[in-house]
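What Swiss-Prot says about this one:
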- 2-164: domain 'EngA-type G 1' (DOMAIN)
- 8-15, 55-59, 116-119: GTP 1 binding site (BINDING)
- 173-343: domain 'EngA-type G 2' (DOMAIN)
- 179-186, 226-230, 288-291: GTP 2 binding site (BINDING)
- 344-428: domain 'KH-like' (DOMAIN)
Amino acid sequence: MHKVAIVGRPNVGKSSLFNRLIGRREAVVADFPGVTRDAKEGLMLYHNHRITLIDTGGLWSGDEWEQAIREKAEWAMEGAQAVIFVLDPREGLSAADYEVADWLRRLGKPVIVTANKIDSQKHEPYLAELWGLGFGDPVAISAEHARGLDDLMDRVMKYLPEDDEDVPDIAPIRISLIGRPNVGKSSLLNAITQSDRAIVADLPGTTRDSLDVEWDYGGQRFVLVDTAGIRKKPDTAIEDFAIQRSQAAIERSDVIWLVVNATDIGDHELKLANLAYDSGKPVIVVVNKWDLVPDAELKSTEKDLNQKLHHISFAPRVYTSAINDYGIHDMLAEAMKLYEKWQSRIGTSELNRWLEVWQMKQRVPNFHGKPLRMYFMTQVETAPPTFAIFCNRADFVTRAYEGFLQNRIREDLELAGVPVRLKWKEKGPYKKGEADED
């Protein structure tokens, strides 16, 4: 697949261009510099050509992240066949722009100088100065207004090799990592991909943006989404936006990794667990930093996990250490297993055999001596598996009984680990407002 990197100093519109080209809002965009710290990937289709775009952090930012961001950008360059060098010519060329240009020359990749924020022809005189960078004719665009993007991509295509033979497209499993800041999400992502795609530090909230990273495991394609940590009280506008992004990442995922610190589970984790459960997506609780738990405290830590995450007790757990690569492959193997179950369908005859045996063996709820009777069961949806149960009185079904029944369905029908939904439909001799008699 073709790869193209987008580079430039902070706040010249790299992420706006990235979002415009891939057709959705992936990177955090704001009016202050240094918003994108990590290199993130997105897929675009241009005239039937599949292109992976890599959006890099702002180079020569002059802050504590400068060296780490440059290293991520260099990683992005390794597989890129062309580079889109984004500048804001209205501000004039800065020393940082010239440093980026010198750095690009040393890398030896084809470079397309891209003058962003050229919203009309009256701004085009600003382009003259860009010739001095030595990369040829600049392309004028406005990412915000989608101006000049075809000209830009036509120039990019000149540097890309001919496509190989078509390869059958395997639908990827999209997995989001959610968790509070500094719980180890980015370290886990780096351990899985065997790279340093996400910046890792000891500061909360290091990853502000969501990173989409494609990866293969066991013949299966994955898209790993590393979200910004959700905080209870955001202290800046960007953290507030990161909360929304984390929630949105859950919705566009197939499987959710809820990453928790083995020794510190609080209200943040409960909130995230509720969000994950409500989404109907399979949840895997990733207990990170397990290697830091003393042997004498393993049982008590496990008990604490059971108590605090009891409402998603059906969710499987994987115990990991990103530093030691412990449990890393189990995360992906479990995700593949749950994804398959999540989309499974069970035949109606099998369901009703199970329902008949269940009612013979188990006590059912009753109201004033009148029992709940379940006549028929069928699966009406997948992802998550959703079952309609036809009964005499839906109002006899308590929340506790429904939860009990969901657990038994998971246990008996090979749906362990996935959320199950039930829809109750009234049918038969008992109707609300009628006599409760046989």
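Placement of Cβ uses the backbone N, Cα and C atoms for every residue, glycine included.
If you measure from the Cα atom of N11 (GTP 1 binding site) to that of W290 (GTP 2 binding site), you get 39 Å. Residue environment of W290 (GTP 2 binding site) contains 20 other Cβ atoms, counted within 10 Å of its Cβ in all protein chains. G179 (GTP 2 binding site) sits 40 Å from I118 (GTP 1 binding site), taking the Cα positions as reference. According to DSSP, the domain 'KH-like' (344-428) comprises 31 helix, 24 strand, 30 coil. W290 (GTP 2 binding site) carries a helical DSSP state (H, G or I). Separating the Cα atoms of K185 (GTP 2 binding site) and G8 (GTP 1 binding site) is a whole-number distance of 27 Å. On the backbone, the CA of T56 (GTP 1 binding site) and the CA of N182 (GTP 2 binding site) stand 21 Å apart.
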